[in-house]
Amino acid sequence: MLTMMSQIRLPLYCCYASSTSISETHHQVLNGNTVSRQEIRLGLPSKGRMSSDTLDLLKDCQLSVKQVNPRQYVAQIPQISNLEVWFQRPKDIVRKLLSGDLDLGIVGLDVLTEFGQGNEDLIVVHEALEYGDCRLSIAIPQYGIFENVNSLEELAKMPQWTEDKPLRVATGFTYLGPKFMKDNGIKHVAFSTADGALEAAPAMGIADAILDLVSSGTTLKENNLKEIEGGTVLESQAALVASRRSMIGRKGVLETTHEMLERLEAHLRAMGQFTVVANMRGSSAEEVAERVLSQPSLAGLQGPTVSPVFCKRDGKVSADYYAIVICVPKKALYKSIQQLRAIGGSGVLVSPLTYIFDEETPRWRQLLSKLGL
Ligand SMILES: Nc1ncnc2c1ncn2[C@@H]1O[C@H](COP(=O)(O)OP(=O)(O)OP(=O)(O)O)[C@@H](O)[C@H]1O
Ligand SMILES: O=P(O)(O)OC[C@H]1O[C@H](OP(=O)(O)OP(=O)(O)O)[C@H](O)[C@@H]1O
Ligand SMILES: [Mg+2]
């Protein structure tokens with residue numbers, strides 16, 4: 001009896017994806033170096049849509065990357081001593097984390113999962129850097145035999161796919177594609193690969209379906225393709241990744257990881273909030289605080305800060321007004337202003353927040369526990 005994997009045809013390219021040697025030519029392709037080094041190495045995307053967003057995020061965390069020329073592949077972040085930045089293609093960042101040539105990296109979760117292949121040395125330190133959002137999805141034509149097919153189940157049940165004539169899927173994700181099909185019990189699938197513009201493959205007659213990244217969905221629509229229910233392999237966004245071996249064994253890597261995590265978390269948390277300052281008439285700070293806390297959107301981070309606004313009247317110093325300071329989620333700003341006004345708030349000032357540093361980041365605790373520390 002055939003096993004499930006043997007029915008999912010894996011053409012020759014899979015050997016290239018998972019192996020470092022091409023035996024027919026007797027030439028060895030070796031990755032990984034053991035050159036001893038003192039510097040800590042961070043890999044950042046050298047090109048593609050992730051590269052400028054990555055530099056922008058680091059800059060917002062006061063970690064500006066000093067790169068003299070875009071073609072220069074090594075750079076520094078002066079705020080962190082002993083740190084070298086190396087610009088690499090995302091998949092090479094993952095490979096070099098595994099080979100020990102990088103200690104830290106920023107890549108999409110898609111590339112991490114595809115090229116990391118579940119390797120336990122790769123640890124996701126921050127899984128949601130809030131850019132590079134996309135999903136890895138199966139897509140099929142909107143027309144022809146697929147017109148009424150809207151789910152993975154329906155696709156799998158189509159009588160067209162047999163051992164001799166399997167469903168042909170074009171993808172750049174030659175590890176995740178077969179794995180997803182196997183995990184979902186889908187037989188009779190054959191994969192082919194290309195480096196880009198995969199959406200053309202069905203119309204060219206090269207494939208029946210594709211497995212590729214989708215964000216706005218425009219490319220699929222423009223090529224008369226559609227996603228199907230149950231056909232999303234993973235959701236992805238940019239992530240900070242580190243090598244377990246480096247964090248445990250290389251001097252300073254864990255400390256650098258902590259500093260980067262703290263700065264990223266503090267910035268990302270602040271990004272979603274505004275500081276709101278307002279004046280409010282009242283008889284005491286407690287009475288004003290009570291009024292503020294009676295409004296659900298105004299509780300602030302740990303309750304409002306209330307300070308008396310002193311003025312001099314008839315030679316006497318008194319506080320008829322209080323200034324309140326709260327942080328509100330950006331999405332709830334207008335509702336918060338309405339609630340402030342409803343309880344007598346005036347002169348409302350709204351300003352952006354740069355950082356919110358908590359006492360301890362939960363992700364740091366999770367990281368230490370993953371490392372068994
Ligand atoms: N359409 C998209 N929208 C948002 N993020 C995307 C999109 N496509 C890819 N990404 C994310 O950006 C990463 C890099 O993709 P990008 O297309 O810029 O580079 P690449 O595919 O490695 O390079 P190239 O396309 O030149 O081969 C992907 O791994 C993914 O995490
Ligand atoms: O849903 P959308 O917003 O339309 O984006 C999806 C497209 O973006 C990526 O391609 P990319 O632009 O990287 O081109 P490539 O195929 O040359 O890598 C991806 O491979 C899709 O083709
Ligand atoms: Mg691309």
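Just so you know, the numbers here start at 1 and follow the chain as drawn.
Heads up, the Cβ atoms here are built off N, Cα and C, so glycines get one too.
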Note: TrEMBL has N69, D212, S215, S216, G217, T219 binding AMP 2, and from E84, E199 that site also includes E199
Run through the domain 'Histidine biosynthesis HisG C-terminal' (270-354) and tell me, per DSSP, how many residues are helix, strand and coil.
27 helix, 40 strand, 18 coil
Cα-Cα distance linking E199 (AMP 2 binding site) and G217 (AMP 1 binding site), given in Å to the nearest integer
11
Within the chain of N69 (AMP 1 binding site), which residues six or more apart in sequence place their C-beta under 8 angstroms from its C-beta?
none
Looking at the binding-site residues S215, T218, T219, which one has the fewest other Cβ atoms within 10 Å of its own Cβ?
T218
